[in-house]
Amino acid sequence: MSPFFLLFIAIISEVFGSTMLKISNGFKRLFPSIGVIIGMATAFYLLSLTLTQIPLSTAYAIWSGAGTALTSVVGILLFKERIHFKKVLGLILIIGGVITLRFASSA
């Protein structure tokens, strides 16, 4: 299986875990708390698999950057977090950096 596909699934798992962390209300709600554990455990396991084929600096930067950007989007869409120019600019820069790293790693 492609290491970048595994990395993509790791990112989605991390975003899921982070979203469940918000919904768990400080681990006071059982099912979202279980979702945190499942999401984060899956994310770290898949990230560890990608590190066997992708350099650490590339994999971790893509994982954390894309995870940050997607978590921000989830916050805006699901939790009605405020969006303003600086936040949009920051997200664009993060996404641009992730894309640059992805193509730099295949060069």
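Cβ from N, Cα, C; glycine included.
Curation plays no part in TrEMBL annotations; they are all automatic predictions.
Going by TrEMBL, these are the annotated features:
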- 6-23: transmembrane segment (TRANSMEM)
- 30-48: transmembrane segment (TRANSMEM)
- 60-79: transmembrane segment (TRANSMEM)
- 88-105: transmembrane segment (TRANSMEM)
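Outside the transmembrane segment (30-48) by six or more residues, the chain places 6-7, 9-11, 13-21, 23-24, 59-60, 63 with a CB less than 8 A from a CB of the stretch. Within the same chain, residues 7, 10-12, 14-15, 18-19, 22, 43, 47, 50, 87, 91, 94-95, 97-98, 101-102 sit at least 6 positions outside the transmembrane segment (60-79) and bring their C-beta atoms closer than 8 Å to a C-beta of that stretch.
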